[in-house]
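*Asks:* Handing you this structure, nothing more for now.
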Amino acid sequence: MRPFEQVVAEHGATVLRVCRAVAGPDHADDAWSETFLAAMRAYPDLPAETNVQAWLVTIARRKSIDTHRARSRTHPTDQVPERPSTHGQPGGWERDLWEAIGDLPAKQQSAVVYHHVAGLPHAEVAALLGGTPAAARRAAADGIARLRRTYLEEVR
Amino acid sequence: MSASTAPSAHHAAREFTPLPAQHEPRHLSPLTALPALTALPTLTTPDDDAHLRDLHTRLVREAEEHGQLDVAYRTVSSAVGDLLLAATPAGVVRVAFAQEDFDVVLTELAARLSPRVLAAPRRLDAAARQLEEYFAGSRRRFDVPIDLTLAAGFRRQVLQTLQTLPTIAYGRTASYAEVARAAGSERAVRAVGSACATNPVPVLVPCHRVVRSDGTFGGYRGGVEAKRLLLGLEGVTA
């Protein structure tokens, strides 16, 4: 089993992208830390054949969603609560876009994040979501289409 | 709006010119259809490397707090080349010479101790500082906790003997036979040799002060040159 340091070095940037996409810029760091702490705890018992990147990305998405839940505890709802206006580009990247990704329905969000953000092939995404690679591809495409609508509407 | 000019054109549009719906591209692939999404696969910022270093530092701190940092490591430079230092919560568990290949050493530590290994300099600050002082000639004995987990049985006994034997304090040497006797096994001269050859914490546990009965230096995990240099530093010449 490789030293955990190598896992962090190899996948740290991918996990950060996933956390930014799902948790939003303000909570990405917390989600990243939670992800690697949880992964490090479980790491010694990880089966040898595990795809480490896919494993980390699923933890990252779950921890990122948890940061939403922690914030919305006072408003029990399926919808992510409204967040403050975030015009401009803090950190130099598309803050609103990542918030729009955070607001996608769960399956589309998973497919978009796993495929477009984390770079997993559709077959890997299908293994994580259940269902066929074709269904995973469709969910990613639907997610992108929805982003195109919601995000560009916001821009307008 | 073309993908290549996405960021600037997009922001100009968003502030000054509402984008008419009929201009929304409909026949492009999803990624190019939404210009800003061309950045999706990278989603990086120029300062990400620095940011990831900060996150790494935070991970080290929190892993330590949660008691899950089983092996911390760092490197230090020295007169005998770069040294890798690794520590468990109990103490320094490994000192490795560059010729041993640090990646190989870390992989061994992951296999033999725990894969929960992080580059975490702070746990080794004291050991690094004392080594620096030693190589500068201003320190004659080390005062950091040592974890001898990686040595078992008689080998471990030999290393414990080396830690305490007054006759091989700084600047002095002892023969393999003398160490065997001190470790309680007069005839185990060869075993003392292999205990020294496999010492997981060289320099800190001074196996370099164990020499052949004829006064020649004998072998060393860090190479004979390193042994000669360490003994020379301590004022011993063959």
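Quick reminder: no glycine exception, Cβ is built from N, Cα and C everywhere.
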*Asks:* In TrEMBL, which of B:1-25, B:201-225 is labelled region 'Disordered'?
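*Replies:* TrEMBL lists region 'Disordered' for residues B:1-25.
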*Asks:* Summarise the domain 'Methylated-DNA-[protein]-cysteine S-methyltransferase DNA binding' (B:154-236) as counts of helix, strand and coil residues per DSSP.
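*Replies:* Helix/strand/coil tally for the domain 'Methylated-DNA-[protein]-cysteine S-methyltransferase DNA binding' (B:154-236): 43 helix, 4 strand, 36 coil.
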*Asks:* So what's the average pLDDT for the domain 'Methylated-DNA-[protein]-cysteine S-methyltransferase DNA binding' (B:154-236)?
*Replies:* 93
*Asks:* When the domain 'Methylguanine DNA methyltransferase ribonuclease-like' (B:72-148) is classified with DSSP, how many of its residues are helical, how many are strand and how many are coil?
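*Replies:* Summed by class, the stretch gives 29 helix, 22 strand, 26 coil.
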